[in-house]
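Asker: Got a structure for you, written out below as structure tokens; questions coming shortly.
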Amino acid sequence: MSQPRTVTVLGATGSIGHSTLDLIERNLDRYQVIALTANRNVKDLADAAKRTNAKRAVIADPSLYNDLKEALAGSSVEAAAGADALVEAAMMGADWTMAAIIGCAGLKATLAAIRKGKTVALANKESLVSAGGLMIDAVREHGTTLLPVDSEHNAIFQCFPHHNRDYVRRIIITASGGPFRTTSLAEMATVTPERAVQHPNWSMGAKISIDSATMMNKGLELIEAYHLFQIPLEKFEILVHPQSVIHSMVEYLDGSILAQIGSPDMRTPIGHTLAWPKRMETPAESLDFTKLRQMDFEAPDYERFPALTLAMESIKSGGARPAVMNAANEIAVAAFLDKKIGFLDIAKIVEKTLDHYTPATPSSLEDVFAIDNEARIQAAALMESLPA
């Protein structure tokens, strides 16, 4: 019998983290948990660490260290806290690391995991959006296997087995269109956060649900795909597919189109990366084609979803613009969730920040963090200028 594969989950208490742990806990004979991390959710982190007999549990907020230590009392799990502890957890040398810390906060730990030269399952798309060049350079330098977790990128990965770019005519990234695909602009102006997080197909965290509603998520995914697959931007196409059954497609020069199809359950792409290059059984529902009455496709509406246009313009411009856009979007989404701005204001804040702040191309992680911080300051200040 082979040795259990050692695993670390960065962002263990979020939506992706929960799904990852669900699969690991169903297969504890095959996986040994090295470290689990969370931002502030002490209870879920401690419970998961004890259930999986993790070696270490790390809470990002250092003020919660004593709470975590108390929650782990009586177990063999080590407690640690703070930003440096997150990076240390990523560097503990697990065979497989899930990078699922939301936003730019996960950048440093994700890069640390990549530098260990093992396998990294990437669910933190913001890492590639803000620091794509640096990330891909590190993957190449350290011989790391980088596996995409986002359903669309995982689908492309599965449909692109030999990664021979010369054979590809186009890559089609599908989008559900979110909860407001057919909603008028007038109605979108009044939607609440509670309504906006209700995705029609996927179960996701609040931030990514809002990104899906604005279609910024699809823009971020386009940038991520551009870095992951190193395909010219003009070969990518976004296609709205409301049923979320086809997760993405690759068309080859001979006219063949390979599509990855399945029920909308994140445990499928997570399971693919967890077992890769093998396969594992997951509890995802098997697709019943006899009940699939139709599959619809339509072009995205760039006028009603300007965030998608902003993302496309950012990657075309390159440099620091994707990092600025990502930071401004995180600030705007947080403000919307706090009911400080309206839904349509999210894209306005991002656009204003891009207009006001044009830094030089980052050449180091420190540059990325400086750009990210300044973009957040600018976005927060620009929110004050919005009409009441």
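Here the Cβ of each residue, glycine as well, is placed from N, Cα and C on the backbone.
According to Swiss-Prot, the protein has these features:
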| type | residues | note |
| --- | --- | --- |
| BINDING | Thr13, Gly14, Ser15, Ile16, Arg40, Asn41, Asn124, Glu126, Gly205 | NADPH binding site |
| BINDING | Lys125, Ser151, Glu152, Ser176, His199, Ser212, Asn217, Lys218, Glu221 | 1-deoxy-D-xylulose 5-phosphate binding site |
| BINDING | Asp150, Glu152, Glu221 | Mn(2+) binding site |
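Could you place these features in context, so I can see how deep they sit and what lies close by?
Answerer: Other C-beta atoms found within 10 angstroms of the C-beta of Lys125 (1-deoxy-D-xylulose 5-phosphate binding site) number 27, with every protein chain shown included.
Contacts of Glu152 (1-deoxy-D-xylulose 5-phosphate binding site) defined by a Cβ separation under 8 A and a same-chain sequence distance of 6+ are given as Ile173, Thr174, Glu221, Ala225, His247, Ser248, in order along the sequence. Secondary structure at Glu152 (1-deoxy-D-xylulose 5-phosphate binding site), taken from DSSP and collapsed to helix, strand or coil, is helix.
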Asker: Write down the Cα-Cα distance for Asp150 (Mn(2+) binding site) and Lys125 (1-deoxy-D-xylulose 5-phosphate binding site), rounded and given in Å.
Answerer: 8
Asker: Should Thr13 (NADPH binding site) be counted as helix, strand, or coil on the basis of DSSP?
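Answerer: Once the DSSP labels are grouped into three classes, Thr13 (NADPH binding site) ends up as coil.
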Asker: Across all chains shown, how many C-beta atoms besides its own are within 10 angstroms of the C-beta of Asn217 (1-deoxy-D-xylulose 5-phosphate binding site)?
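Answerer: Asn217 (1-deoxy-D-xylulose 5-phosphate binding site) is surrounded by 26 other Cβ atoms within 10 Å.
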Asker: So among the binding-site residues Asp150, Glu221, who's got the most Cβ atoms within 10 Å?
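Answerer: Within the set of binding-site residues, the most crowded position is Glu221.
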